[in-house]
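Presented below is the structure to which this report refers.
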Amino acid sequence: MKASMYLALAGLVLLFVVGYASESEEKEFPRELLSKIFAVDDFKGEERGCKGFGDSCTPGKNECCPNYACSSKHKWCKVYLGK
């Protein structure tokens with residue numbers, strides 16, 4: 001059962017990569033794909049002035065980013081729904 005799930009997942013990933021490659025007009029597809037995959041690492045070095053979703057915070061202080069609020073119960077930034 002596990003093997004068939006992994007095989008199906010690998011097939012979907014392969015289908016996605018082949019579909020993306022067929023639509024790509026550039027010759028440097030592997031390098032472009034890898035740079036897009038690992039581009040997330042560039043954002044880790046940046047510091048924000050506010051805390052994002054799931055970051056610990058102190059209730060009463062305005063530490064969370066816009067659209068987030070510090071939960072007094074859990075003491076981490078949650079999405080503010082206006083309640």
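Glycine residues also receive a Cβ, built from the backbone N, Cα and C atoms like all the rest.
According to Swiss-Prot:
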| type | residues | note |
| --- | --- | --- |
| SIGNAL | 1-21 | signal peptide |
| DISULFID | CYS50-CYS65 | disulfide bond |
| DISULFID | CYS57-CYS70 | disulfide bond |
| DISULFID | CYS64-CYS77 | disulfide bond |
| MOD_RES | LEU81 | leucine amide |
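Positions of the features from Swiss-Prot, shown on the structure.
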{"residue": "CYS50", "record": "disulfide bond", "DSSP (3 states)": "coil"}
{"residue": "CYS57", "record": "disulfide bond", "DSSP (3 states)": "coil"}
{"residue": "CYS64", "record": "disulfide bond", "DSSP (3 states)": "strand"}
{"residue": "CYS70", "record": "disulfide bond", "DSSP (3 states)": "strand"}
{"residue": "CYS77", "record": "disulfide bond", "DSSP (3 states)": "strand"}
Nearest by Cα to CYS50 (disulfide bond), of the recorded positions CYS57, CYS64, CYS77, LEU81, is CYS64
One residue among the recorded positions CYS70, LEU81 has the fewest other C-beta atoms within 10 A of its C-beta, namely LEU81
Cα of CYS64 (disulfide bond) to Cα of the residue listed as 'leucine amide', in Å and rounded, measures 14
As a whole number of Å, the Cα atom of CYS77 (disulfide bond) is distant from the Cα atom of CYS65 (disulfide bond) by 8
If you measure between the CA atoms of CYS57 (disulfide bond) and CYS65 (disulfide bond) and round to the nearest Å, you get 11
Expressed in Å to no decimal places, the gap between the Cα atoms of CYS70 (disulfide bond) and LEU81 (leucine amide) is 12
Counting every protein chain shown, other Cβ atoms within 10 Å of the Cβ of CYS64 (disulfide bond) number 21
Expressed in Å to no decimal places, the gap between the Cα atoms of CYS65 (disulfide bond) and LEU81 (leucine amide) is 14
